[in-house]
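Visitor: First the structure, then my questions, so here it is.
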């Protein structure tokens with residue numbers, strides 16, 4: 001009997017010793033911990049990939065300034081708009097480079113090259129000699145190339161947006177306007193030069209005319225008649241005290 005009890009006790013102890021240990025007591029670096037670390041790394045990597053893909057699908061919103069600049073630069077003009085000659089005006093120029101002196105090669109304020117200016121003035125004097133050196137203009141005018149016109153009044157009296165840059169065939173052109181205005185409303189103390197100040201009041205004023213220009217209509221480019229300065233004239237008013 002004692003032998004049987006002794007045998008059962010030994011078998012019980014051997015069974016306890018041979019039983020597998022709990023995962024809670026597994027030391028660091030054991031296979032169970034390695035599998036858990038690999039699983040965590042895999043989940044983290046998948047999370048990073050998912051986050052990266054989400055960022056690519058939903059990019060960060062751009063600034064308002066960038067959006068406005070991009071929308072203005074992405075407006076493409078149909079080349080067919082320039083095929084009809086009736087839309088062309090001698091005072092409107094589309095060019096990738098600064099415009100020339102002027103239509104008749106007279107002095108304008110746009111130029112920075114003094115030598116080129118002097119050459120063109122001399123050429124004009126040779127082509128159109130002045131026989132009477134006493135000739136003077138009634139009003140003094142100045143002609144300029146306007147390079148940054150953004151607003152103008154159309155033929156209906158509405159304020160419209162003028163296109164400064166025109167994207168044509170993947171090349172950016174600038175829209176230039178050749179404008180003429182009065183340098184001074186009173187070139188002489190009495191008003192216009194050469195008038196009889198005893199009987200007339202006079203002054204110089206800038207007049208406008210309509211030219212076709214590319215303007216914005218929603219997200220499309222369209223031709224419109226707009227007003228620009230084109231001349232300087234003398235206005236005379238009869239003095240009433242002579243009647």
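Cβ from N, Cα, C; glycine included.
The shown structure was predicted, so the numbers you read here are calculated from the model rather than taken from an experiment.
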Visitor: Which range is it, out of 47-68, 69-90, 91-112, that shows up in Swiss-Prot as region 'Disordered'?
Guide: 47-68
Visitor: Looking at the recorded positions 148, 182, 234, which has the shortest Cα distance to residue 204 (disulfide bond)?
Guide: 234
Visitor: Quick one: Cα separation, residue 139 (disulfide bond) versus residue 232 (disulfide bond), in Å?
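Guide: Rounded to the nearest whole number, the Cα-Cα distance is 7 Å.
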